[in-house]
Amino acid sequence: MAPLWNGMAAGLLLSAAVVSGQANSRLGASPSYQGFSNICPEQCIVTGPEPSNWSTYNDMNRLANCNQAMLYGFNLYDDVDDADSYHRIFACTAYGNDWSDDSQSHVTNSRPEKEHKVNYEIGWSSYSPGTESDYRSLIRQMRDYVARGHISPSKTAMLYAQFGYTSAGIYIGNSLQSKDIGDVALQSLIDDSHDFDGRRDSLTMQLCGPHYDSQHVFGFMALRNGTFRAIQSAFKSWSNAECLDFEHSTNFTASTHFTSSMLSSIKAGNTTTSGIQAGGSALPAKLSTQHTKNLMSSTGECRTQKVQNGDSCAAIATRCGISGADFTKYNSEKSFCSKLKPGQHVCCSSGALPDFSPKPKEDGSCATTTVGDGESCSTIAAANSLTEKDIDGFNQKTWGWGGCKNIFKDSVICISKGSPPMPAEVSDAECGPQVPGTKLPKDMSKLADLNPCPLNACCNTFGHCGTTAEFCTDTNTGAPGTAKAGTNGCISHCGMDIVKGNAPTKFRSVGYYESYQFKRQCLYQDVMQVDHSKYTHLHFGFVDISSDYEISINDKSANYQFHNFKYISGPKRIVSFGGWDFSTQASTYQIFRQGTSAANRKKLATNIANFVKENNLDGVDIDWEYPSAPDIPGLPSGDKSEGNNYLEFLVVLKNLLGDKSVSIAAPGSYWYLKGFPIAKISKVIDYIVFMTYDLHGQWDAGNPNAQPGCDDGSCLRSHVNMTETKESLSLITKAGVDSGKVVVGVSSYGRSFRMVDADCDGPMCKFTGTRLHSNAEKADCTDTAGYISNAEINQLLDHNSSRVNKHYVDTHSNSNIMVYDNTNWVAYMSPEIRAERTKMYQSLGMGGTVNWATDLEKFNDAPEGVENWPGMILQMKSGTITPRGAGSRSGNWTKIGCDNEYSRETPYWSPMTRWRQLDAAGAWSDLIADWKNYRDKDHTGDKLSFSAQISYLLGGPDNVKCGQIDGDSNCPLISCKLFNIGNGTKSGAAAELIWDSFFKIHQMYAKFKSALVTDAALVIDNTLPHLENTFAPVPPPEDNAWLDMVLDFVSMGVPMVGGKFIDDFLKMIPAMTTKSDISLDHYKEVLSAILDSPATIATNLKGTSDPNDWTPEKQAEFSKYMGQSLQGWNYIFTKDLENLFDGTDKSIERLTIMISDGRMIDGIPKDIPYPDKTKRKDKDDDDNKKTEATDSEKKSVEDGFLTAFWAYSIPAVWQASGHHPFIIDTGRSCDDKDGDKYTKDLKSACYENRLYQLADPDGRSHPCDYDCGITGGCKCDDSAFSSLKGVEELDGKAWSGLKVEDIIIGSVRTYKQNGNENGGGTADPTDSGTFEALKQMDITTPGFMRLPVCSETLARTSWENADKTEATRNKDGFPCNNDNGRSYCTTSESTYIEETTSGSPLIDDCLVIVKNIEGTTGSWNKLIEIQYGIAHFGTCTFGIEGKGRHGNSNVYIGAQDIVDIIRYTSKHWGHGTDKMQGKGVMQCNGNIKQQELHWAIYKK
């Protein structure tokens, strides 16, 4: 296969940076669904530095799926590792460079002490490979936060962070300068960590010593296990001025400043010692203001002093200026000195201790305090002359009070008797009393009723809205706003009952009819074949709306069915507008958004109402998915005004239609339904189609918020789950919709998945694939992975039962489940299940059921009078059959000669008029029947080609070859008089029109080839060297790995290269030159018929990335047309012309679309009456006969090719030359005042008001070698991300107008369409939305640019790992990848043998091993033929043994190899239990060559 590509220019080699497939894939619609945007907390750059403004969480589990770096704030005594307790965790997502510089605003008013030399200690423990790069990522985030002035100088700072499975915390006493800590201590730790050995389970740094008090202590700790208990324990030690001991440690000396004197110097100042050494510098003896306050006392009361962190009785006595004996006398309680608490008041003289307890306020409310980072009931009580029991008693009615065991940071609590306070605001609260800006109510007992949720949804104790048990279960433990551990509780609109309303007079049975079904390969239904007795309402889906709000039905088959639809009797005939594709495709999504606005709603409503009235229909159904939706992939977020606009539009529409029916479709998820003012809408319209199907599907993959109890959204769940359907019915009826107006969705199709494990088919078992790509088997007719009709399911059950492994009713979901071909799992509803559901919905007072869709239920024979479905479809597309009820017609085309007015050489009429008057449609129908009869017979000699046989039947010349372009082609223009037309010839004047159409189609393809292989080839060949010199100083290697990327580009380029040319060509043809609706319809249908097939050919060329799949046969066929880069499209269109005239049913269908109604023949745009014939123009025969492209046609192809070529090739060449371009998501808005600081060295672009940068991790992230020999003494900056070579030229003035912004925005759109994840597939040009966007030369179409996108934090972590593990650079998506640990083995080819028993290790323990080593540089070098247990946690051990020396003495395995195996087995083994065990064999690196390695997972 190599010779095919040898010699091809580097510019053609396409990068892995191009498009993602199934555009606008559906999104989740289950009641619990939340968008991908909710996986991580709000960005730090948005929330600001104050933790109380960050997102709030009640446990760490809700943050486990965020793969970004996060900063946390929580109380020191809040044990956040305790999964059985309730917590308050403040969190924000750190992208890198999140903090503005506010350091000057915190400069203390008092002059700092002079500079001191101090000793910093770095300590660590070593057990297994470490993650210094993750450590550094968190240190950098904390350093920036501290150094830029975001800690208060008036109080001790405690801050926490997490990145992946690395946790960290920083403690800074309030007498230390934050700038010193950030720029000296933490920066030195970052620098030194580059030289660590990669084996640190924990890393700690402290400034602490025997003479330090807690105000002068600094500490940092990072752990590799992702927990915080040890960090909080360290903070408690430092807050008591207790230093930590380490297994290993080193020290370095640096300078710092103290903003107040240490207690040790104060003690010395009150004795005979003049000073004491602390950190190597004499500290002056001086009493601070803080230490001297409260020394004066009133009569009868003692003078007091306040206990500081780390104090002793001796230290306090010194500050009091009294002896130890006197201090003991004044404070004589037993064991007094062993029970000192920070904040506690003590006596410094004789007398009674004053009462410092606060008093209630004048209005009767209690005195309050806000709980600080390091405060507990104990410290608060001590500071206020109270006991813990007092605190607990005061707060029995305080919002959120759960007792002293676990008080939360920033809580407002009572420290006196009195009525409870207003709770503290929570920045992201949506409901309840903690919504920012909430005013104090008159009745404090009604706090829970404040700020109710939209749709009357449940409000949990954290102020979040939802409709599932997680939000709606009240687990109050006493005080208002509390919940039991492990729950979120509920404070308002609790419960999940369905509100039963007024049942309808007649229970509705609604059916949807898919008018677009005839685009399938099989499974058809004429609308007359619908069992009308089953339905009260029949919805015809869908009718088109243009961008100027005109109504039409553009598809001929749909138009034919619509005419039949108008004649049905029985059910109400409802016409539907919208649908998922219409609502979400780039070309149409704005129609509803703008059409319902105040400026346009009257026009849109009037046009729809007129269409309904003119066609004598019974009503209209609007399916907008969805107003105000925040996260439709590839689309800007919907505006919040859209819901009310929709309501106002429906009011106008209903007023215009009067007694006729108006309905809408609505989603079953709170996430999307909250954009609808659904209660108000329900009062305007007649009923709501409630879409309780598609609750789940492939789109759930990767979203932890899509499926209850499923951490990654990839569990096998029914799309018609009964439990979730009831939750949805509760949602909509609680929202205020009368149940009698709710028509509940049922389905006649299933959603299918490819199972991970053939033996695991329950709701916790997993499926494979990504959100945009299903591995489920496609059925023949629906032809969509993940989607299969009931008809196809029943066909399997009835006629292919040997393929069915399981078939049963799942009682929990009340769904039919079928497993077939071992690993295909599908959930669906049989007629029996639908009948059960119908009875239940009737009992609940619902308004009816709606079935999607009638045409999916069973296979139907072609209607009476039609031979078969292909024949009927062909006739529908040709327009030769008249809808039933309009009368029959007979053809007369053979009776019309060349002298007919409509057949003269100079056309006097429009193409459509000529076609119809000469009965060309009848001629075409007869010719096709004759051809099929000829085609299907056995022939002894050579069979004529399709075009040759048609010519023969028409009386034309022989040796015709319209299906070829090369030198052997022959498809001439033939005038009417040259055909053998006359009595008995079975031909007529229509022959010329049909043959003119053939010629025009052949001419178009020939001109395209002419332009492609001559002019464009010359241009590209002349500019390739400039491309390479500008963007790639090092040429790419010539290897087979590029094959898939080249073919991706060929596939992508079809609509861009061919589309523009054909678009221009068609617009010159008379039938498509006017701006009329008919002309536009002709243009759209012909363009689709021409280009859909080449796009399919191009897509099918891609195959797989295995070079062995590129067979010699494929190569030979492809090589005939591919010599240079342009020949890819030359082959595609040459092959497509061959297919177009091959005489198969599919080709005939395409030709019928192209030539029907005279779309390819001559004529004038509009008929002119005969007397005005002098105004008519004669046709130019010479121009019509040319097959060489004109200059303008060459320019059209050149523009399309070069735009696609440069846009695709430039990122490809960067990558081919060893660079790794990626997009930095700065997290900043485009109007951020500090944004320019981060864009001065890198090219940037804005998308949806967010700033992104194009960057390259060139070279080493930290290129320094340490040779100074002093820990902490080496200053070496990290490398900055680089710009890409030649990027300055991408300013839109060259390279076909390509701009840096196009590369950035295109990559970001791809990333967003893939659910904010990298790695989405290449674009599918057979998708109509993608095709149209590419045809418009939109190189930012999602997927065309596929550079990875991530935060600077993640990118730098991967970059640093690559310094030590070069293979990391070869990982997909580098540097935005997470799987960048060291690897030596081919885990993808490992064998897996499960041996799970009741005594096997816990899966969770094995996954902790993953947490501990994921992304690390860890590796093991072990002797062969010896068993080793190399990774352990809890009950789980991962062991290895090299087998058979094969010249090796040692074998290597890396951390990533272990991670890959444990991840795979944790998904495939255990079968729903919590344990797993087993073994396998794989190939790994030996010290000489590849080595067989046996691995095992077993109990320790």
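In case you wondered, yes, glycine gets a Cβ from its N, Cα and C as well.
Source: prediction; values computed, not measured.
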Second cysteine of the disulfide that Swiss-Prot assigns to CYS431, among CYS377, CYS459, CYS472: CYS459
Candidates CYS453, CYS472, CYS490 - disulfide partner of CYS465 as recorded in Swiss-Prot: CYS453
Local Cβ density at CYS453 (disulfide bond) - other Cβ atoms counted within 10 Å: 24
Largest tally of Cβ atoms lying within 10 Å of a Cβ, found at which of the glycosylation sites ASN53, ASN800, ASN892: ASN53
Candidates ASN53, CYS453, CYS458, CYS465, TYR626, ASN800 (recorded positions) with Cα within 10 Å of CYS431 (disulfide bond): CYS453, CYS458, CYS465
Cα-Cα distance linking ASN53 (N-linked glycosylation site) and ASN225 (N-linked glycosylation site), given in Å to the nearest integer: 27
DSSP helix/strand/coil residue counts for the domain 'LysM 2' (367-415): 17 helix, 6 strand, 26 coil
Inter-residue Cα distance where the pair is TRP852 (chitin binding site) and ASN721 (N-linked glycosylation site), in Å: 16
Entry from the disulfide-bonded residues list CYS431, CYS458, CYS490 having the most other CB atoms no farther than 10 A: CYS458
Which of CYS459, CYS465, CYS472, CYS494, the listed disulfide-bonded residues, has fewest other Cβ atoms within 10 Å: CYS494
Cα-proximity to CYS494 (disulfide bond), 10 Å cut-off, over recorded positions CYS458, GLU625, TYR626: CYS458
Packing count at TYR626 (chitin binding site) (other Cβ atoms within 10 Å of its Cβ): 28
Using Cα positions only, nearest of the recorded positions to CYS459 (disulfide bond) (GLU625, TYR626, TRP852): TYR626
Per DSSP, three-state class assigned to CYS472 (disulfide bond): helix
Which listed residue (ASN225, ASN721) has most other Cβ within 10 Å, given these are glycosylation sites: ASN721
Whole-number mean of pLDDT values that fall within the domain 'LysM 2' (367-415): 93
Sparsest-packed among the recorded positions, when each Cβ's other Cβ atoms within 10 Å are tallied, from ASN251, GLU625, TRP852: ASN251
